């Protein structure tokens, strides 16, 4: 499509975040197309738009998260809807082939991408799809995408939320949180691994630390221990398990609380510590192992996040990333852990578009390359 204003990039508008496990895609669907533009629009562009917006599933693994669609927003001076699509990184060659089949390269479009896969698969985009990637730093994209999504209305809903009464499971409930004044903020991005950023303004942020023990670790260990085939299956098993069957607690060692150092009896003293005993190994279920794996990974992330928040003197910690997708269990664990161990000084925050900020940040980079 020819746009009269040369400052605007040509359609279609995409942003990609190619992670170690998932590819996240943000796609802007214009809804203010003029009669002249529609007449000039080439068939391949119509085909791409129709394919992406009329389906909620693509092949056997691609998913459009319809509930996250942002309706009627303005981007680069155009009105449209912002769609969010994800699929496993291992299926990326199929996506590239689809782009080739739909003559994507004839549109002379700019494809902005971030994440490690933007480097790893750059040659595949060029050789299979005749497409050229413009690579963007993933932490820059994460921060820019997060701040942008938080600044636009989520169709009248709150983007940011927390769990009230996190220490009381029966009273714990999701509540909206006003993030209009977001700084300073500690951002904990949980993907295959974990990166932690201290954000002091839209242009002032740094990576504080990270850990290799993230969502990929949870799924990898769960697959080994239980034979599960997917993230969703691993979470389903974890929701039915009891981690204390595998973990050794403070009370297992002290017979109760360790009062001198303020350690309650229910706290985990040793993750999977009970698995050194033959009778415990024989009685533990796959669901228990899945739950213990989830608790181990989540507690570790929460502990590191808390230490970073204290060191950086930041009391709001926002957790993002696809590890938290459909994973209320971990969100509540993080909320509880931060609230308890900080004696109420730290608040765990979450965002509805948890895993898509990198893709949105890449999309926002389009005008720089058009």
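The first residue you see is number 1, and the count goes up from there.
Here the Cβ of each residue, glycine as well, is placed from N, Cα and C on the backbone.
What Swiss-Prot annotates here:
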ACT_SITE  138  active site, proton acceptor
BINDING   192, 195, 207  acetyl-CoA binding site
### Query
Using a Cβ-Cβ cut-off under 8 angstroms and a sequence gap of six or more, which residues of the chain neighbour residue 192 (acetyl-CoA binding site)?
19, 20, 21, 214, 215, 216
### Query
For the binding-site residues 195, 207, which Cβ has the most other Cβ atoms within 10 Å, all shown protein chains included?
195
### Query
Is residue 192 (acetyl-CoA binding site) helix, strand or coil when read with DSSP?
coil
#### Entry: In the chain carrying the residue listed as 'active site, proton acceptor', residues 6 or more apart in sequence that have Cβ under 8 angstroms from it
17, 114, 115, 116, 358
## Note on the structure
Record-listed acetyl-CoA binders 192, 195, 207 have a maximum CA to CA distance, in Å, of 17
